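Database features (TrEMBL):
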{"type": "BINDING", "residues": "Arg131, Tyr145, Pro146, Met147, Asn148, Lys149, His172, Gln185, Ser223", "note": "Fe-coproporphyrin III binding site"}
{"type": "ACT_SITE", "residues": "Tyr145", "note": "active site"}
Amino acid sequence: MNEAAMTLEGWYALHDFRTINWPAWKAADEEVRAFALDELNAFLQEWDAIEAAKQGSTAVYTIVGQKADFVFMHLRETLEDLNAIENAFNKTTFAQFTTKAYSYVSIVELSNYLAGSSDEDPMQNPHVIARLKPALPKSKHICFYPMNKKRDLSDNWYMLSMDDRKSMMKSHGMIGRGYAGKVKQIITGSVGLDDWEWGVTLFSDEALQFKKLVYEMRFDEVSARFGEFGPFYVGNLLDQASFTDLMKV
Ligand code: VOV
């Protein structure tokens, strides 16, 4: 019997990781660099305006370590919107000084594991809509990683009964609740969209809380038995001023 959890979907998500070509940037004429930064700032302003109009949301962070130098995380209504943003950005002079490091395509997802029984249409509930189409937090730090739930013969998440999955997700949710006010999670589903099953994006003003939360969850059955994890990306908030500062040669 098909016991797929019911999912609700909101905005599509694109995590666009880039590396800065520092030798090319430093070798460029000052006017070219100034023009490129103006273009970047124009995009940042445009994305702010889209967020203010509640038509999407964008978060911009540096990435610490060598996997990338920064990430644009965009949430938009359609895949076409996301495609248009990346193509418009790729055509800028600023983008000529970056290389693509990694990307992830997914969609904001909520499941019904912990939902109570009610006849209400969740898509009419403003709290649900606010979670499906969120303004991304502008916390000091971001942590992103993709993950799967195991499909091994002995440990296959997709062959468990709904009741078993519900009880494990309850325990997962309880651990998460212990981080209320410290870590905000945005879970994006990516089955059929990208190489892993979910993108996990965490936001916090204290980077250490990422370690505390992820470590604690490792002892919880749903992560301990079924979690498979991709690469972790962690970084610091960027705005127009700090991005301009970062690009100073
Ligand atoms: C800030 C902490 C936090 C909190 C409060 C929280 C709560 C919840 C709830 C209540 C629910 C279920 C209902 C829904 O909302 O969909 C989920 C769902 C999910 N989670 Fe979660 N999660 C957190 C945090 C959190 C983390 C850190 C991870 C990564 C796991 C780890 O080991 O590294 C994670 C993963 C997920 C996933 C992949 C799903 C979807 C699973 C599926 O099979 O569908 N999550 N999560």
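These residue numbers are counts, starting from 1, taken along the chain as shown.
Backbone N, Cα and C atoms are what each Cβ position is placed from, and that goes for glycine too.
Features per TrEMBL, on structure.
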residue	record	Cβ within 10 Å
Arg131	Fe-coproporphyrin III binding site	17
Tyr145	active site	19
Pro146	Fe-coproporphyrin III binding site	23
Asn148	Fe-coproporphyrin III binding site	17
His172	Fe-coproporphyrin III binding site	18
Ser223	Fe-coproporphyrin III binding site	21
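Under 6 Å, Cβ to nearest atom of ligand 1: this is the test, and of the recorded positions Arg131, Tyr145, Pro146, Asn148 it is passed by none. In the three-state DSSP scheme, Pro146 (Fe-coproporphyrin III binding site) falls into the strand class. Note: the Cα of Ser223 (Fe-coproporphyrin III binding site) and the Cα of the residue listed as 'active site' are spaced 14 Å from each other. Across the annotated binding residues for Fe-coproporphyrin III (Arg131, Tyr145, Pro146, Met147, Asn148, Lys149, His172, Gln185, Ser223), the two most widely spaced Cα atoms sit 23 Å apart.
Across the structure, Arg131 (Fe-coproporphyrin III binding site) and Tyr145 (active site) are spaced 19 Å apart at their Cα atoms. Distance between Cα atoms for the residue listed as 'active site' and His172 (Fe-coproporphyrin III binding site): 17 Å, as a whole number. For the recorded site, His172 (Fe-coproporphyrin III binding site), the DSSP three-state label reads helix.
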